[in-house]
Amino acid sequence: MINLGDKQSTIVVAMSGGVDSSAVAAMLHEQGHNVIGITLQLYDHGMAVGKKNACCAGQDIYDAKMVANKLGIPHYVLDYESKFKESVIDNFVDSYLQGETPLPCVRCNKSVKFRDLIKTARELGADKLATGHYVRKINGDNGAELYTGLDPAKDQSYFLFTTTKEQLEYLRFPLGGLTKDETRKLASKFGLEVADKPDSQDICFVPDGNYKSVINKIRPNSSESGKIIHVNGFKLGEHSGIINYTIGQRRGLGIAYNEPLYVVKIDPKDNIVYVGPESALNVQEFIIRDVNWLADEIKDNEKLEVAVKIRSTRPPRLAEISKLGDDKMKVKFLCAEKAVAPGQACVIYAGERVLGGGWITREIR
């Protein structure tokens, strides 16, 4: 059993209705803490009722309530639909219209699940907020530090890089040292019906993976056709709207050529999709913005050798970073990397520790 090392406390658990957060609630309850379950309804209930593997709506709210009832803990469902739409869905749509590849789960963790939920937990008089994320918080010489989960297959640190130092002090991640199988065994031990429940999908508000329908619903007539141009400057055809393309895409381009072509750049201002050979995807350096830094301050003109991840599914790559003003950094790979997509996150590591991260901009070379 994982013990948080805290004295008996009042702890709010963010309960999504899945096995992870349910196991956290049961674990903390058994340890004698005063546990309060909170579930956020984040998007249209009607959309979610018939959707498998969603989260934060429909069946999942019911499952969270059933777990809370079994444990005998108070449980509240909070309507966060308007906050979620404003902070996450609208940003998701606007990012695609700007030719970016958005990362809504990070936006949700930053604005809704942490910022707003921590505020609610404090208002309830809670000492801490616990979640089912697979990351670790370790107390260092200068306060709380964020580390990867011990199970590489479930590590979620990439999605939590925007967590602030102040938030880290308040948060608890009881599952950071466990594997998914160990979590399911814990849930079975506690007799929770969700022990074998499948994991939710990444983008909870996109039915059947059709993000274009979400964009067209919120921004009608957003799929304006335009030119597809080769990186060497000649026109190859027409596209059906930049929302249908992402950096590194090969399939579905609808053009014939004598070698495989990939999307290498999207220009929202002139509504142009640029394509080229695989070699054109190589990127040596780029700029990140809105940097959240969790380690010791980097001095101006100081260069730091680190590992970075530019996609959640990619392994870390060696790079050199340097500070550019208050909220920007330059990232330079030791070896060129393919398909660096504006709108995605670049998360910076020193071993298993998360040093910080930021959002990839169009300043790519």
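Backbone N, Cα and C atoms are what each Cβ position is placed from, and that goes for glycine too.
Here Swiss-Prot flags CYS108 as active site, nucleophile. Look at Swiss-Prot and you will find CYS204 tagged as active site, cysteine persulfide intermediate. Per Swiss-Prot, the feature ATP binding site maps to ALA14, MET15, SER16, GLY17, GLY18, VAL19, ASP20, SER21, LEU40, GLY132. Under the heading disulfide bond, Swiss-Prot lists CYS108-CYS204, citing sequence analysis as support. Feature annotation from Swiss-Prot assigns site 'Interaction with tRNA' to HIS133, GLN344.
Overlay of Swiss-Prot annotations on the structure.
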residue : record                                        : DSSP (3 states)
ALA14   : ATP binding site                              : strand
ASP20   : ATP binding site                              : helix
LEU40   : ATP binding site                              : strand
CYS108  : active site, nucleophile                      : helix
HIS133  : site 'Interaction with tRNA'                  : coil
CYS204  : active site, cysteine persulfide intermediate : coil
GLN344  : site 'Interaction with tRNA'                  : coil
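On a Cα basis, ALA14 (ATP binding site) lies 25 Å away from GLN344 (site 'Interaction with tRNA').
Within the same chain, residues at least six positions away from ASP20 (ATP binding site) with a Cβ under 8 Å of its Cβ are GLY132, HIS133, TYR134, LEU175, THR183. All protein chains shown were included, and the count of other CB atoms within 10 Å of the CB of the residue listed as 'active site, nucleophile' stands at 25. LEU40 (ATP binding site) is 11 Å away from the residue listed as 'active site, nucleophile' when you measure Cα to Cα. With respect to their backbone Cα atoms, GLY18 (ATP binding site) and the residue listed as 'active site, cysteine persulfide intermediate' stand 13 Å from each other. In this entry, ALA14, MET15, SER16, GLY17, GLY18, VAL19, ASP20, SER21, LEU40, GLY132 make up the residues listed for ATP, with the farthest two CA atoms of the set 16 Å from each other. Cα of ALA14 (ATP binding site) to Cα of the residue listed as 'active site, cysteine persulfide intermediate': a distance of 16 Å. It is 11 Å from the Cα atom of SER16 (ATP binding site) to that of CYS204 (active site, cysteine persulfide intermediate).
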